[in-house]
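Each remark here refers to the structure printed beneath this line.
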Amino acid sequence: MDQPEDTDALVRFENITYSYPYSDSRVLSDVNLKLEKGEFVLLAGPSGCGKSTLVRCFNRLVPEISGGKLSGRVIIRGKDLREEKVHKLALEVGMVFQNPETQLFSLKVEDDLAFGPENLGLPGKEILSRVEKSLKAIKLEKLKDHFIFTLSGGEKQRTAIGGNLAMEPEILVLDEPTSDLDPSGTREVLDLLRRLNAEKRITLILIEHKLDEVFELADRMLVMDEGKVILDGKPFDILCREEGKLKKLGIHPPQIIEISRLLGFNCRTSSPPYENILKRLAELLMPSTRELQPESRKEAKPKIPPALCPEESLSHVRIEKLSCRREDGSETLKNVNLDIKYGEFLALLGHNGAGKTTLAGHLMRFHKPSSGRILLNGKNISKYSTAQLSQQIGYLFQNPDSQIFMNSVFEEVRFGLKNLKIPEEEMKKRVNSALEMMELSVYRNRHPQALSRGQRQRLAVASILALEPDLLVLDEPTTGQDRGHIHKFLDKIRELNRLGKTVILISHDMELVAEYAERVIVMKQGEVLLDGPAAEVFLSPEELDAAGLIPPLPARLALDLRKQGFDVPGMLTVSELKSFLRAHNVEIRD
């Protein structure tokens, strides 16, 4: 996509082409781009399309750190970055990664913010001034003396952003900064980015797959595929005009745009406010479904049953009075009781630090409970060896790099089978099947670190599936993946579930949970707050709010329509809303 040279542009990419040292294929191919000061740019595209590689060219992490072959020029404020040192570029470009833990170095918040300015050798007064301004910008003044390990995920990410702000860069690049955060933490970070762009005119480049939360913040959207920028324009314009092309790339429009178009709104320049969508729905449904007066529904509230445990159904996992304490005496789990049946597909929800991962980790004996027990197939898990547990339970960690260590994709998937002494022919069959299921067959000979994070996530899952466990525990398995791959992946997991596999999904993505999980468990501060069918749990706004969660848009609309007196079911997805409207002869636009 050629653009005329603009000497006034803040950033120019000129014919950027790049290949990693361990691959002959181009990750970036003849990219031409210019950015103006104060722009808020949303960078989208399928996993592995080159987004992360592109933004690492801003501060020469590519190729100085990654190696490989880079041709073309990146120019910032007229300076050719080939002539600049990486450490000096920190003054021009701030970089925030997916996992804040990778760039937090100090014990306390204010110390971490001071780290960069101290390394510049600035006077003490200047360092203090920058730290104070950064604390104010990220709204963590009251936590400046707190230890970083005590912060929530959102607070840690804001601290990472604050550390960059203390360097006073003109450009801030963020590579999926909300991917590991709960909805509350995501709101914190996105609100901060909005303020930084509006008040300080910092140029923002944001890589993000979760378009629902970010598309209205950006004033420009770039879409990449196969190392090239293929779309460049206003977010609303691209999302509305290029829906077919985007869906082929695995990029799905935000729910508010989908629903607005269904109801006949023009979304070319903006989406209508939630209140207008609700009003239009009420007008369309008035003739057929308004069977109750608002007052009669005013106090209606879905009841959330305790853990589902029909006695005639054998438990796959039974958790009894499970508690866990840290060394400092604080409780991470408090008297948890759950009964999980064979073949269930359930989701564990809750804010960062609610105890979801800790609870799931107890299944693999990663933690030692202070009291209580867990039965797997009716047998106490303390009686299983680690090898036996690994054959019974497939566990996917939040960070795929925690369980990837071989030199090729094929060898990675083969590793567990080899340790189990599976016959060679059977081993090859399982490896090939798992790679095909995760759409990684073409990468079988590639080094895992040459894959994108989303692809590495799928590789970790393939390694698990090859072992053929009966229980799958997936801790944020969709991190770093585009919507298309997410749906393909979870469709495969649902197929396995229908074949009898039990699935426990830990996620912060309410839309995906609403679409795939049959049962939802919400945790807060180490306790089970809600447990029941997904439709009922998502119609409990007060409890969800207390847990820092936001129900999907269709569920919120259903709840508010009920409050107005409409007899509507609990709708969780856009397709369920479509079906409901069609059933009541409401004319909609597909």
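Heads up, the Cβ atoms here are built off N, Cα and C, so glycines get one too.
What Swiss-Prot annotates here:
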type    : residues                                                       : note
BINDING : Gly45, Pro46, Ser47, Gly48, Cys49, Gly50, Lys51, Ser52         : ATP 1 binding site
BINDING : Gly350, His351, Asn352, Gly353, Ala354, Gly355, Lys356, Thr357 : ATP 2 binding site
DOMAIN  : 11-251                                                         : domain 'ABC transporter 1'
DOMAIN  : 317-550                                                        : domain 'ABC transporter 2'
(request) Please list residues from the chain of Ser52 (ATP 1 binding site) whose Cβ is under 8 angstroms from its Cβ, counting only those at least six apart in sequence. (result) Asp175, Ile207, Ser452, Arg453
(request) Out of Gly350, Asn352, Gly353, point to the one nearest Gly48 (ATP 1 binding site) in space (Cα versus Cα); all of them are binding-site residues in the record. (result) Asn352
(message) Within its own chain, what residues at least 6 apart in sequence put their Cβ under 8 Å from the Cβ of Lys356 (ATP 2 binding site), listed in sequence order?
(response) Leu348, Leu349, Gly350, Asp475, Ile506, Met523
(request) Work out how many Å separate Gly355 (ATP 2 binding site) and Ser47 (ATP 1 binding site) at their Cα atoms, rounded off. (result) 29
(message) So if I draw a 10 Å sphere around the Cβ of Pro46 (ATP 1 binding site), how many other Cβ atoms end up inside it?
(response) 23
(request) Whole-number Å only: compute the distance from the Cα of Gly45 (ATP 1 binding site) to the Cα of Asn352 (ATP 2 binding site). (result) 27
(message) Suppose the ATP 1 site is Gly45, Pro46, Ser47, Gly48, Cys49, Gly50, Lys51, Ser52. Which further residues of the same chain have a Cβ inside 8 angstroms of that site's Cβ centroid?
(response) Met224, Asp225, Ser452, Gly454, Asp482
(message) What is the set of residues, excluding Gly350, His351, Asn352, Gly353, Ala354, Gly355, Lys356, Thr357, whose C-beta falls within 8 angstroms of the centroid of the C-beta atoms at the ATP 2 site?
(response) Asp182, Thr358, Met523
(request) Look at each of the binding-site residues, Gly45, Gly48, Gly50, Gly350, Gly353, and point out the one with the fewest other Cβ atoms around it within 10 Å. (result) Gly353
(request) Work out how many Å separate Cys49 (ATP 1 binding site) and Thr357 (ATP 2 binding site) at their Cα atoms, rounded off. (result) 30
(request) Could you state the whole-number distance in Å separating the C-alpha atoms of Ser47 (ATP 1 binding site) and Asn352 (ATP 2 binding site)? (result) 25
(request) Provide, as an integer number of angstrom, the distance between the C-alpha atoms of His351 (ATP 2 binding site) and Lys51 (ATP 1 binding site). (result) 28
(request) Please list residues from the chain of Thr357 (ATP 2 binding site) whose Cβ is under 8 angstroms from its Cβ, counting only those at least six apart in sequence. (result) Gln398, Asp475, Ile506
(request) Express the predicted model's confidence over the domain 'ABC transporter 1' (11-251) as a mean pLDDT, rounded to an integer. (result) 94
(request) Around the Cβ of Asn352 (ATP 2 binding site), how many other Cβ atoms lie within 10 Å? Please give the count over every shown protein chain. (result) 20
(request) Tell me whether Lys356 (ATP 2 binding site) sits in a helix, a strand or coil according to DSSP. (result) helix
